[in-house]
Amino acid sequence: MAAATAAAATVAGEGMEPRALQYEQTLMYGRYTQELGAFAKEEAARIRLGGPEPWKGSPSARATPELLEYGQSRCARCRICSVRCHKFLVSRVGEDWIFLVLLGLLMALVSWAMDYAIAVCLQAQQWMSRGLNTNILLQYLAWVTYPVVLITFSAGFTQILAPQAVGSGIPEMKTILRGVVLKEYLTLKTFVAKVIGLTCALGSGMPLGKEGPFVHIASMCAALLSKFLSLFGGIYENESRNTEMLAAACAVGVGCCFAAPIGGVLFSIEVTSTFFAVRNYWRGFFAATFSAFIFRVLAVWNRDEETITALFKTRFRLDFPFDLQELPAFAVIGIASGFGGALFVYLNRKIVQVMRKQKTINRFLMKKRLLFPALVTLLISTLTFPPGFGQFMAGQLSQKETLVTLFDNRTWVRQGLVEDLGAPSTSQAWSPPRANVFLTLVIFILMKFWMSALATTIPVPCGAFMPVFVIGAAFGRLVGESMAAWFPDGIHTDSSTYRIVPGGYAVVGAAALAGAVTHTVSTAVIVFELTGQIAHILPVMIAVILANAVAQSLQPSLYDSIIRIKKLPYLPELGWGRHQQYRVRVEDIMVRDVPHVALSCTFRDLRLALHRTKGRMLALVESPESMILLGSIERSQVVALLGAQLSPARRRQHMQKLRKAQMSPPSDQESPPSSETSIRFQVNTEDSGFPGAHGQTHKPLKPALKRGPSNATSLQEGTTGNMESAGIALRSLFCGSPPLESTTSELEKSESCDKRKLKRVRISLASDSDLEGKMSPEEILEWEEQQLDEPVNFSDCKIDPAPFQLVERTSLHKTHTIFSLLGVDHAYVTSIGRLIGIVTLKELRKAIEGSVTAQGVKVRPPLASFRDSATSSSDTETTEVHALWGPRSRHGLPREGTPSDSDDKCQ
């Protein structure tokens, strides 16, 4: 009986609208294995059957300040003061401004504290290395042990507390902003795991980044802040406002990371949104600017800076920063960076795929989860050991010190009439005794390239923006030093001579490679804000645009690649310059076998429709012959209809009618035994997978004011009925009446898979009539067969009268735009009101990937080659379809909504 109830709760939860994905921790990235799957159904069933969350109080339970005045405790007085202050601030300032100020302040404090802790960790490693320079073996052990311990701690701490904190965070935020709910992704424990894990990972000195994880951290901070402010009431009780605040939080994450508010807003829009609501523009700029300001003020307060300056300030020439003849060199940097960015994304994805295909190694490393990050860290630390191979790749420099030296405007080569100002101490790392600048830069680029691609697969909180940024700066510096060597006297223009500035080439290379990996143009703006100079705006823009053009034609962005690795729901971008996307139409890609129910169907038809599809929506048509689309109905509504029709309450009513018909007239005058006088206790020991899963079988789906008394009574009686009869009914409904032994074994097997088994004793009250008048299983099955043949009354169901619809000749390009703009996951295809197919996110994704490229060969749908674009529906077909609209008036369903209503419902 417990298994039958658990199975019913699972099936009843299949139609719940929130979409959640099951997270599975793998060796590297982790992935979401259930595509809107069983985990969401179980969670929906638990929430529906178990009631509201324990931390959420009812709105009516919130006390007003007037009522709080009666309390004499100190807590009551503090609550009154806080409520009054909140009302004053809201009336004078506004809720959005308060939220954005708090968000910017908190993120600036977190960013500064993390930078301070990371700097202390890196200084400790350098101090240990210098203190043991007399013994090369001890120095090596200290150099490799320190990062291995930090990375291992970061991986273990994250795995234990919140595995969702692993990785960048931008791919998941892109999915969340599209409407998908990721379980435990914006919680407090994930925030703690992300902050501590990222601090340890970056403090180890591995080639990892901070920008991507900080987007996730800012989003978690915004979600937690929204929950806190919702305790005071106001607009943050509305969950739809959280999406707007998450969009602003993504901008804050980049802004407080690099003190680049403008570039942070633009970068967050490019990497997380396909279509951006302009109403959120000012929120992102305000919060990012305030956060960047506080972040730099804290640096001045800590005496790290004398005043508010750029993070990597440069001193390039302003009167003549570059010559026109240098533009081809900048263009070469952009094209080469495009190929390099595509190669980096490909290499990163291949590392993950190869490790997953090696089943034996993968199985072994999954059992020893900390072994893989420890081995990768040991390998990278060994290669960067300064007295060893690290001397040929500036291994003793941190990422910040590396960028400072690469952006230096002085040349490192000593040939001809070059500017000899004396290299700074950190620049000496690029000129080892047994190598020159060019060899060191080449080795640095090649080694850091594959090291960064490998290090970003470690299951710790980390990003890839900063390592790619450093590699691009090194490549630009290599081109700049080469130009300075080829033109030692500079490029002659008229009577003036201007020497080459290699630091400018490094800035161009950093922006180009970072833009190629992320498929963004806003990296140019980030570079300008990082360096504090805009002198090289034209070379930077040329290189970034060329790099994006090359990279987008070869590989997806790094974040889209991770989305595919983690198997998150996504909608790929349409390739530009492809004419196939305009010739492919919806009728070529739609699924013609649409799960639907007719208005005049029986309950048997409903059960058959549930067995045929696992989707959360069913189309409601006028009749199987006309196929006129009347609306859509959720799967949960259909399950509720079937459950109410075959409920124990209806079966008891049927038994009472039979008993009254069999009784003689004198016996009819006798009063039936009162339920108050003959009550017995039934004690059932049950195994429940959900807390409170047996408290009630079905939660009414309509508000209490809209339900009739008979419906409410039947549902309430159904919850306290005999569980054995309910189990037989549910098995007959969802399992097609299988043998009792096989059903029992399957239910026991499903129970064994449940991780949260709770032993609970259920005490219910049952009358004598219920105990004495039981029906046999054969009688129950016969009665259920009769009930399944009755017609369905949809008047008590919630029906969407205006589901999103497309016509069969809608192009693939327009369909992609509609799905991206509205965030819908399915659309019905109609022809003059007649349902002919359905298009889901899965079919659209396959069509886009097939029409753009498939293994290097363009693929077109089969019907696209035989279509005549000039043809249209015949007059006979049009007349026949219009004739079907007449009988619709006899049905009492809500009329179809306007297209604007449909758009609003799909958002």
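Start at 1 and count along the chain as shown; that gives each residue its number.
Cβ atoms are placed via backbone N, Cα and C, with glycine included.
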Have a look at S91, S398, S767 and find the one that Swiss-Prot tags as phosphoserine. S767
Among 62-66, 167-171, 357-361, 842-846, Swiss-Prot lists motif 'Selectivity filter part_1' at 167-171
On the DSSP side of things, how many residues of the motif 'Selectivity filter part_1' (167-171) fall into helix, strand and coil, could you say? 2 helix, 1 strand, 2 coil
Looking only at residues six or more beyond either end of the motif 'Selectivity filter part_2' (209-213), which have a C-beta under 8 A from one in the stretch? 114, 167-170, 194, 198, 202, 253-254, 257-258, 456, 461-469
What same-chain residues lie close to the motif 'Selectivity filter part_3' (463-467): Cβ under 8 Å, and 6 or more beyond its ends? 168-170, 207-214, 348, 399, 448, 452, 455-456, 514, 517-518, 558
Give me the long-range Cβ neighbours of E211 (site 'Protopore gate'): same chain, 6+ apart, Cβ under 8 Å, in sequence order. G253, V254, C257, F258, G463, F465, M466
So how many other Cβ atoms are close to H536 (site 'Couples extracellular acidification to the channel closure'), meaning within 10 Å of its Cβ? 25
What are the DSSP helix/strand/coil residue counts across the domain 'CBS 1' (590-648)? 22 helix, 17 strand, 20 coil
Run through the motif 'Selectivity filter part_2' (209-213) and tell me, per DSSP, how many residues are helix, strand and coil. 3 helix, 1 strand, 1 coil
Where does the mean pLDDT land for the motif 'Selectivity filter part_1' (167-171)? 88
